[in-house]
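K.L.:
Would you mind keeping the following structure in view while I ask a few things?
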Amino acid sequence: MILPEALPEDVTEVTGNLSVPVTIKVEPAGRWYEALCQRRRQRHSISHHSVHSSSSEESEEEVEIDENDEALLLGLDPKEWKKQDHYAVLGLSRLRYKATENQVKKAYKQKVLKHHPDKRKARGVKVKEGEDDYFTCITRAWETLGNPIKKRSFDSVDPLFDDDVPPNNADSKEHFFEEFTPAFERNARWSTKKRVPSLGKPDTNFEDVDNFYSFWYELESWREFSYLDEEEKEKGENREERRWIEKQNKAARQKRKKEEMVRIRQLVDNAYACDPRIQKFLDDEKEKKLSVKRAKQEAARQKVEEEARIKQQALDEERKRKEKEEEEAKAQAAALKKEKDQQKKIFKKERKTLRTAVKDYSYFTDVDDQRVTNMTDVDRLADQLSIIKLQSLNQELTSGDESKAKAAFLREVEELNRLTEEEKKKQMEVIHKQSSGEGSQAKGKLWSEQEIQALIKGVNLFPAGTKDRLMGSDIIKQHITDSNKGAKDVLAKAKDLQKNDFVLKMEADKKAFEKFETQQKSKVTCEAQPKEGVTSERFEKVYEQQIRETGTNPAPWTAEEQKILEQALKTFPASVGDRWEKISETLPTRSKKDCMKRYKELVEIIRAKKAAKDAAAKKK
Amino acid sequence: MPAVGSAAKQGKIRNAQNTVCNVKQILGRSSDDQILQQYMESSPVKMTLQDDEPVFKVEHKGQAKDVPPSKIAEAIYLRMLETARSHGDGDIHDSVLAVPCDFSEDQKQAISESANAAGFSVLRTVSEPVSALLSYDIGQTDNTLECNVLVFRIGNSRAVAGSKFTDSLTDYLATEFYKKYKLDVKESRRSVKKLRLEADNVKHSLSTLGNAQCAVESLFEGVDFHCQVSRARFESLISPVVQLCPSLIDNLCTTADITKSDIQKVVMCGGGTKIPCVQKIITDSLPNAEILNSIPPDEVIAIGAAKQAAILTGSDETDIKVNFEQSEVECLKKSICVKAASESTCQLYPVFPALTPFPCRKHETVTLPSNQTSFKLELCECSNNNSVDADLGKLVMQDLPKSAVVSIVFHLRRDGSLHVTCKEASSEKTVSITVEVQS
């Protein structure tokens with residue numbers, strides 16, 4: 001860039017104005033954009049070509065502390081280097097633990113340039129010999145802070161760190177956030193996790209508060225206390241001593257670490273105790289529970305009330321209904337009475353008209369007997385005719401035509417007589433029907449002889465009072481499949497048989513015998529003379545069929561059968577095996593079961609006779 | 001924990017109904033968005049709208065689940081976080097997300113929220129082309145450099161996409177299989193997916209090798225398939241798609257109102273740009289351009305985002321936020337120049353070029369010739385070319401010593417005014433003027 005020579009008359013001046021600037025939208029990326037934003041925010045500007053566009057703040061930070069570091073450094077004692085504040089020695093009092101590795105290095109180099117013994121000698125400043133000079137402290141500080149591990153160690157026991165914990169008292173509760181927020185911010189630097197939740201504000205929601213306390217109760221601290229070791233492990237003379245030193249150091253570190261955790265725990269406990277939001281959350285929870293409970297109670301109470309109300313309502317309705325019904329009945333009765341009275345009046349009137357009319361016509365006859373009859377008929381008509389018929393009759397009677405009136409009168413009389421007769425006849429029919437009905441009911445359904453026999457068997461088998469009395473109806477069905485008798489019929493018949501049982505029993509027995517004889521005759525006839533032209537014959541006797549089908553022969557025992565049984569009983573005594581089988585073989589008309597049953601019956605009869613005899617003997 | 005990345009891609013063969021792809025396309029889109037509708041129609045995973053939000057219906061460990069896209073993105077970022085932690089970067093996860101340049105604010109917000117939910121601390125979102133430029137430090141070492149840079153990206157779901165290359169190769173392999181065994185692979189969707197996966201591997205191999213072996217076990221009806229594909233064959237298969245590249249560049253130049261020769265640099269992004277014929281066709285179509293592909297193309301965007309994160313790390317969080325929001329910048333409308341006269345012509349020396357943002361400062365040091373005892377500095381406004389639009393001011397110094405060294409500071413203040421100071425070192429004379437801005 002070449003600047004032309006100025007003429008003598010030239011003078012500095014402003015001749016124009018800049019154009020109105022334009023606004024453009026840029027992509028927020030890259031270092032120049034960041035530098036521009038920083039420039040816009042800062043009060044003063046720096047050169048456009050600066051390489052440290054992002055780190056300009058840090059450069060400014062390091063320029064501090066130059067004024068008073070001479071006094072500090074001269075006052076240092078190299079023997080007590082471990083107790084010094086390494087940050088102050090290097091001129092990083094403001095940054096302290098926030099200083100980066102590069103910043104520490106830079107600071108150390110600046111210190112070396114100014115305070116190295118050779119440099120001071122060149123300036124003519126007095127220098128102590130060897131390790132006694134304060135520059136040793138600078139070297140030690142660099143050794144400590146330049147090494148990340150040792151820096152961390154020193155940071156853990158930073159003398160400027162505020163260790164105190166806000167107490168748990170009323171004042172803390174009142175100024176909770178002012179007291180505890182800085183405390184938590186101070187202690188946040190010990191967290192191994194970089195992202196530390198903040199204490200928040202009074203209106204922070206439950207989740208964030210919960211996260212906060214969870215985090216702090218589970219805090220992992222990197223703070224360690226190796227810097228405070230009394231002796232270095234490497235100073236030990238032998239292996240055993242070194243191990244002993246290590247053990248001692250470890251114990252001391254553990255103890256301090258434990259105290260630290262107790263302190264952190266105390267801090268969080270105090271915060272939790274003093275936190276107004278915790279109390280509020282608890283209150284809210286309690287309130288919620290209470291409201292739920294109250295709602296439940298209210299619902300229950302309402303339910304009871306509702307039920308009572310419904311009950312009352314029902315009662316009220318019932319009462320009202322009753323009252324209404326009563327009223328209706330009353331009104332109806334009144335109306336009925338009124339109507340009745342009215343009708344009575346009309347009747348009275350009509351009857352009077354009738355009597356008068358007939359009387360006028362002198363009862364349509366000249367004969368006294370007829371007159372008397374007609375007089376009674378008039379009374380009967382008056383009593384029994386309906387109002388309509390009365391009215392029509394009266395109309396005809398009062399028409400003025402005597403013959404017509406007479407005819408009408410006689411017609412009515414005849415009608416009345418006919419009706420009376422009909423009614424009488426009906427009554428007679430009813431009476432006759434009732435009497436015949438009883439008879440027909442007694443004989444309602446025709447019972448065959450077989451059914452009657454089955455019924456008798458059932459009745460004998462199950463006498464009155466036994467549990468299975470009604471089984472009698474089944475017996476009929478068992479024996480006679482095409483029976484149409486139900487339980488009711490059976491009961492009715494049984495009762496009939498009870499009433500006139502002797503006659504019926506005798507009839508039944510007689511019929512049974514006749515039937516038996518008929519069967520015998522049929523059997524004989526069949527054996528003797530088979531009918532010609534009959535295609536199918538019965539080869540099976542009735543008793544055989546019965547035994548095959550049901551296992552028993554219900555027919556009564558004949559004298560012949562009895563004789564054979566008694567003979568067989570004698571022939572086959574009780575000692576014989578399968579005695580009853582052999583007995584039944586001798587009696588073809590009876591099954592084994594029948595023989596046993598008959599035998600039992602006979603035994604019972606003999607016992608009864610003996611008992612009767614004994615009783616008679618005792619009486620004598 | 002769901003499978004993410006290559007593991008999920010492998011599982012897609014058997015588990016297409018439960019494998020979600022390209023979730024970045026639909027994240028943050030409203031329910032009536034056209035692209036979301038298309039995605040829902042073409043997705044093998046069942047999707048429904050619940051409360052006006054898209055939801056994937058998938059089955060995981062025997063249970064049916066409704067998973068919104070944000071949760072899937074979160075799962076992806078969780079896996080990335082695990083990967084980052086396995087490399088021993090401790091607890092710090094300050095990140096910058098690179099998003100497509102056509103992303104809306106809603107989409108940026110949605111993807112940032114997913115990453116934050118997964119455990120990252122998202123400092124900012126930048127466009128992917130900007131990320132690519134940052135990775136090569138274009139414009140970062142010297143802020144006076146002006147150039148046109150083309151960022152060429154072969155990603156997915158575009159006219160030229162890597163998936164289209166795979167499609168062509170899959171079709172070719174299917175016809176080869178048919179020629180050999182008279183069996184049509186496309187009858188089975190599972191076989192097609194299997195073949196497609198292998199075609200993808202072949203495509204990757206052919207970027208570096210001349211030949212690739214395609215071997216699929218039990219491709220269709222128990223028949224194994226072995227085939228060799230040469231790069232020439234592959235290039236002939238994908239040439240219809242690759243031929244689209246020059247036309248796309250032509251369209252872009254027309255839109256931007258520049259010519260192809262104006263493009264000075266080309267940044268290659270995406271794995272598809274590793275293919276030699278793709279690089280060749282772009283090199284041929286842009287004669288004056290310098291092809292930048294020293295960084296692996298599929299890592300370019302990530303590296304750029306990492307560099308942006310490095311710039312932002314250490315700054316205050318509120319500053320980062322405010323900087324992101326205040327992306328509108330006041331700038332000079334015209335250049336500010338100094339008339340530097342010579343014997344024959346009047347030459348203009350630019351101090352602040354047009355569109356220089358406020359505030360800005362420039363420092364010049366001029367040594368006068370030994371026989372010159374005075375100088376004048378004339379400021380003027382210029383538009384493009386060498387033509388003066390307006391005179392702004394003049395600084396004059398007289399009676400200067402020999403070989404005077406003059407320090408000139410041009411300070412463009414934040415209010416838009418220009419403050420110029422001239423100072424002579426030895427005599428400590430000072431002259432200054434302030435040029436105000438028009439109201």
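If you go along the chain as it appears here, the first residue is 1 and each next one adds 1.
Every residue gets a Cβ built from N, Cα and C, even glycine.
These numbers come from a predicted model, not from an experiment.
According to TrEMBL:
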| type | residues | note |
| --- | --- | --- |
| COMPBIAS | A:423-432 | compositional bias 'Basic and acidic residues' |
| DOMAIN | A:85-158 | domain 'J' |
| DOMAIN | A:549-603 | domain 'Myb-like' |
| DOMAIN | A:557-607 | domain 'SANT' |
| REGION | A:44-63 | region 'Disordered' |
| REGION | A:315-343 | region 'Disordered' |
| REGION | A:423-444 | region 'Disordered' |
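Any idea what these are sitting next to in the structure?
P.N.:
Counting only same-chain residues 6+ beyond the ends of the compositional bias 'Basic and acidic residues' (A:423-432), none has a CB under 8 A from a CB of the stretch.
Note on the domain 'J' (A:85-158): DSSP counts are 54 helix, 0 strand, 20 coil.
Residue counts for the domain 'Myb-like' (A:549-603) under DSSP, helix first, then strand, then coil, are 35 helix, 0 strand, 20 coil.
Across the region 'Disordered' (A:315-343), DSSP assigns 29 helix, 0 strand, 0 coil.
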